[in-house]
Every structure is written in C-alpha cells, then in structure tokens.
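The structure appears below as structure tokens.
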Amino acid sequence: MAERLPVAVLGANGRMGSEAVKAVESAPDMELVAALGRNDALEAIVDAGARYVVDLTVPDATERNVRFAVEHGIHAVVGTTGWTGERLDVLRTLLAEHPGVGVLIAPNFALGSVLATAFAAKASRYFESVEIVELHHPDKVDAPSGTAVRTAQLIAANRTEVGLGGSPDATEKQLEGARGADVDGVRVHAVRLRGLVAHQEVLLGGPGEQLTIRHDSFDRASFMPGVLLGVRAVAEHPGLTVGLDGYLDLGL
Ligand SMILES: NC(=O)C1=CN([C@@H]2O[C@H](COP(=O)(O)OP(=O)(O)OC[C@H]3O[C@@H](n4cnc5c(N)ncnc54)[C@H](O)[C@@H]3O)[C@@H](O)[C@H]2O)C=CC1
Ligand SMILES: O=C(O)C1=N[C@H](C(=O)O)C[C@H](O)C1
C-alpha cells in the first residue's frame, strides 16, 4: 500500500477545523500527524513530519501560517478568508523562492459553490444587472464572505472582457450601506442569521427576466470532499492556485 499523506490541520478546534480533523482521520490515504489550536507553536507541524497543512484559522493568522509552511517545504491547502490581492502577491513572491511547493487558497471547498460561482461569472456576460447576496451564520467574523468577493471579482472580469460595465443604478441618496459593498463594481449584500451555515445567491437581471444562481451549504460536511481533493492535488500544482476550480476541469 502507498504511504499515507501526512497532514496537519491548523485551527483544529474551530467549526471547520474540527470537521477537517475527522475527514482526514477517515481518509484511507491520509494520516493526521498534527492538529493545532490557537496557542500551539507551528514548529509542531515540522516535528510531526507533516508534508501538508490544512489552514482553517482566522484572517489574522493565516498569512503567517502559510509563510511558515512554505518556508519549510510543506504544501498548504487554505480555506481561511482574508487573502487580499496584496497578500496573494507577497505569497507568489515567496513561492517563487520555494519552487516545488504548492499552495491552494480556496475561498469555498464546496463543489456546488465552485460550480455556482463559475456559472454566475459566465452568465453575467449576458445580463444588464447583477448583484450578490451572501447569507451566513452570525458567528462569522468577516463580511462580505470570501466566496462573495471571489464571485464578484470573476463577474467583474467576465463583464470587462465583453465590454460590460457596472449594473445600472439610479440611486442618488442612500442610508450608508443600503446598497451593500462595492467589490470591483459589483454590489454585495451580507446577511447574518442564526440557523444559517453558508449560502449565496447571484441575481442576474435583464429586460423582463431574472436568473438566480443559488448555492446552499446546510452542513460543513459539504466542504470536506473539497478539502481532501485539495490535499491530494496540491503537490501536483506547485506555486499558487486560487480557487478549487483550478484543480477541476469545469470545461467552462
Ligand atoms: N473555504 C471554505 O470552504 C470555508 C472557509 N471557511 C473559512 O475558514 C475560516 C475558519 O472558519 P470557522 O471554522 O467557521 O471559524 P472558527 O472561529 O470556528 O475557527 C477558527 C479556529 O482557528 C483558531 N485559531 C486562531 N488563530 C489560530 C492560529 N494561529 N493557529 C491555529 N488555530 C488558530 C481559533 O481558536 C478557532 O478555533 C474562516 O476564515 C472562514 O471564513 C469556513 C467555511 C468554509
Ligand atoms: O465563515 C464561513 O462559514 C464561510 N466562509 C467562507 C467564505 O467566507 O466564503 C466559505 C463559506 O462561505 C463559509
């Protein structure tokens, strides 16, 4: 039998991290060698012989964690949000100094979400108006969600490619925030509601019609196949990959 992939999970006591610990433990081709919480020293992942880390921590910690992994030749699969364009550029520079190391930054590991984002980005080429509504549990610390930011960025890029600008909007006066956040010219609205997990709707409007592309994660189990897929594929993709779609053949 082939050697099992030695994996460390960072943020192991959190909502996502604790699911990831169970998923890695249940995967026949993986071995959980370390599970770190907020106060644990990162050196433990090196001592444990990890070749892969799964980072599911907080926006303030993830950049340091990933830097540590890359500098130690450890591949990283990252679900944590907070990766701005500037942070990604710094990471690209770091990875250029460590050829052979792979990092996946995946704003969303749920396959349905990845597909919904890809469909919405393509569909936005054909509609005059597009807005995003993301809906999450109220314990989430960031808004808008990383998924919504990525969706907005892809929508903006697609619309620019076909010469479409922002959506029409005659608003002249508003209460601050009433029209949501502006992400690359796309309006993003964030709902926080007890009972929710992670949900997103992309609303696309044209004369006399509307297309709604909605994805729902009802349980964090929805993210785990993507986490495991990321671990299995990351070493084959040296350098930085943003979005799980980079490892999938979506044919879009
Ligand atoms: N990519 C995806 O599919 C998904 C990503 N997320 C993102 O994952 C992150 C974690 O989400 P949740 O698990 O809901 O949050 P959470 O707050 O339940 O868990 C975060 C955990 O990280 C720990 N932590 C903080 N600093 C740390 C450090 N330096 N080292 C190790 N652990 C540290 C915290 O103590 C906490 O236990 C968020 O950024 C969230 O947006 C959440 C769900 C899906
Ligand atoms: O915090 C969460 O819960 C989630 N975070 C990610 C995000 O910000 O997009 C992924 C998913 O939406 C759940």
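Cβ atoms here come from the backbone N, Cα and C positions, even for glycine.
According to TrEMBL, the protein carries these features:
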type	residues	note
DOMAIN	6-109	domain 'Dihydrodipicolinate reductase N-terminal'
BINDING	G11, A12, N13, G14, R15, M16, G79, T80, T81, A106, P107, N108, F109	NAD(+) binding site
DOMAIN	113-244	domain 'Dihydrodipicolinate reductase C-terminal'
ACT_SITE	H136	active site, proton donor/acceptor
BINDING	H137, G146, T147	(S)-2,3,4,5-tetrahydrodipicolinate binding site
ACT_SITE	K140	active site, proton donor
Candidates T81, P107, T147: member of the binding-site residues with the richest Cβ shell (10 Å): T147
Assigned conformation of G79 (NAD(+) binding site) - DSSP reduced to three states: coil
Cα separation, T147 ((S)-2,3,4,5-tetrahydrodipicolinate binding site) to F109 (NAD(+) binding site) (Å, whole number): 10
Sparsest-packed of the listed recorded positions (R15, K140) - C-beta count within 10 angstroms: R15
In sequence order, the recorded positions (N13, T81, H136) whose C-alpha falls within 10 A of T147 ((S)-2,3,4,5-tetrahydrodipicolinate binding site): T81
Recorded positions: H136, H137 - member with fewest neighbouring CB atoms within 10 Å: H137
When distances run from the Cα of T81 (NAD(+) binding site) to each of the recorded positions H136, H137, K140, G146, the nearest one: G146
For NAD(+): widest Cα to Cα gap among G11, A12, N13, G14, R15, M16, G79, T80, T81, A106, P107, N108, F109 in Å: 20
Distance-selected binding-site residues near ligand 1 (C-beta under 6 Å), from G11, H137, T147: G11
